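A quick write-up on the structure given underneath.
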């Protein structure tokens, strides 16, 4: 499990974070870096192909087991990805470079799906899911240090192609752990899906229709993003009318959100409406009789049923909940790909300095933020902590605005508390103050957000529901990165950091609305529990007691 955690964390670190440092050093423009960062959407949409991965045994390698076969393919593809990147110059062949990175991101996201399933499958009374998850996190965090701090340090000594070649060899070595790992037996067909075929369930044909509609929406969104990536990365120098990421984000971005979030929510609401009125539902048990029917049940359970349950319990409150999910980590996710270009190219810090400040010191600051979040839960309660997390996550963007503008206020803070008298380079003190502020805020906000997602997830569908909701977290921020890169090119970092701070206020508003909604719901439940619909009462149990 430790090696599997490492195997998952290394490509995530190298493809989603460290790759941007290489692109910045290669003088790739920031708008293009923002577009290439869309490869992170593979992690956001991995739940779409998880049913296929779960049910399909690969030819030849499938003899090793349904999990290990997939793992070996993913790990070998990732190893080849890193080697291929090491042989490609992003300054001369950015399209090829991006294509290889896209393939690697999909392989990495697929590997995550398989490892998560393997961890659940092999858990028993001795090696519980909780223990295995903790070991997995240790491996993942170790890989983050290797793919982050160590990669930056090595880049100053053996160049970026050399770094990715070494990482390709390391990735290939993880195949050994896969070959030695135990595999699991295939569960009985239809196990866990019987409730979909019982009286009162939405008719299978209607479910299949809804699944097709939602699937087409997701497919259109992915294809639209992919086509635009190809268009913008294929632009020739001197093109008088190159495509603009900002125009794509403003004109097509809302439709992508509608296709991937609003449309599935409407289908889920419609299914709940039918069930409540007894329309288009089964009147007697109708067990699945073919592989196609069982596959449809499996896909529905993984892709749509978690949302049907959520909409059924939260009802109109799901609008506010989805607002929080789409915007709470927006400020972090939208500017994240530009962090390394900002440190290394704009501010001219060395790779060693950034490696220590961001990937070593910064990790401890994130842990401190998580700990502070835990204390605030006890002292303030869930929603005050959630709101505070959103506020500080937005406000710390102002630290970076000051850093980009010359650090007037950061220097005043350092002088007031004697930080510049500690013998550390004042430039390094500035960077560490900014990073510590952001990472403490990020750790606090992250802890609050995980607690919120856990509170609205149903115990009956906790794993798939949490995976679906957490995936949507990255959507809006990822779509806005290309436009943000263009804004940095035209207006500079200072302006952009003020903009991202302002964007963070959207999440604050949604959090306040959710606190008001759940507080009202709890009071209504306590005053007249018999008048509260079952779906409301279920949510009231996990609602927050105003702190």
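Count begins at 1; order follows the chain as displayed.
Including glycine, each Cβ sits where the backbone N, Cα and C put it.
What TrEMBL lists as transmembrane segment is 31-49, 69-85, 91-109, 138-158, 164-185, 206-233, 316-340, 360-380, 387-410, 430-452, 464-484, 496-516 (among others).
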* seg_contact(the transmembrane segment (496-516), the transmembrane segment (387-410)) with at least 3 CB pairs under 8 angstroms, min sep 6 -> yes
* To do: Counting only CB pairs under 8 A, let me know which of 164-185, 316-340, 360-380, 387-410, 464-484 has the most with the transmembrane segment (430-452).
  => 360-380
* To do: Count the CB pairs under 8 A between the transmembrane segment (316-340) and each of 31-49, 138-158, 360-380, 464-484, then give me the winner.
  => 464-484
* Asked: With the transmembrane segment (360-380) as the reference, which stretch in 31-49, 69-85, 164-185, 206-233, 387-410 has the largest tally of C-beta pairs below 8 Å?
  -> 387-410
* Structure fact -> Lying 6 or more residues past either end of the transmembrane segment (164-185) yet within Cβ distance under 8 Å of it, the residues of that chain are 3-4, 6-7, 10-11, 14, 22, 64-68, 71-72, 75-76, 78-83, 85-86, 118, 121-122, 146-147, 151, 154, 158
* Structure fact -> Sequence-distant residues near the transmembrane segment (69-85) by C-beta distance (under 8 Å, 6 or more away from its ends) are 4, 7, 11, 14, 19, 53, 57-58, 61-63, 97, 100-101, 103-104, 107-108, 110-111, 114-115, 118, 161, 164-165, 167-169, 171-172, 174-175, 178-179, 181
* Which sequence positions outside the transmembrane segment (31-49), separated from its termini by at least 6 residues, show Cβ-Cβ distances below 8 Å to it? -> 12, 15-16, 19-20, 23-24, 94, 97-98, 101-102, 104-106, 108-110, 112-113, 215, 218, 222, 225, 228-229, 232-233, 245, 302-303, 336-338, 341, 464, 467-468, 471-475, 478-479, 481-486, 489
* Structure fact -> Note: vs the transmembrane segment (91-109), the recorded stretch with the largest number of Cβ pairs under 8 Å from 138-158, 206-233, 387-410 is 206-233
* Structure fact -> Outside the transmembrane segment (206-233), at least 6 residues beyond either end, the same-chain residues with a Cβ under 8 Å of its Cβ set are 31-32, 35-36, 38, 41, 45, 48, 94-95, 98, 102, 196, 242-243, 245, 248, 252, 255-256, 259-260, 263-264, 267, 270-271, 274, 280, 296, 299-300, 303-304, 479, 482
* Beyond the flanks of the transmembrane segment (387-410) by at least 6 residues, Cβ under 8 Å -> 328-329, 331-332, 335, 342, 346-347, 373, 376, 380, 430-431, 433-434, 437-438, 440-442, 444-449, 492-494, 497-498, 500-505, 507-508, 511-512, 515
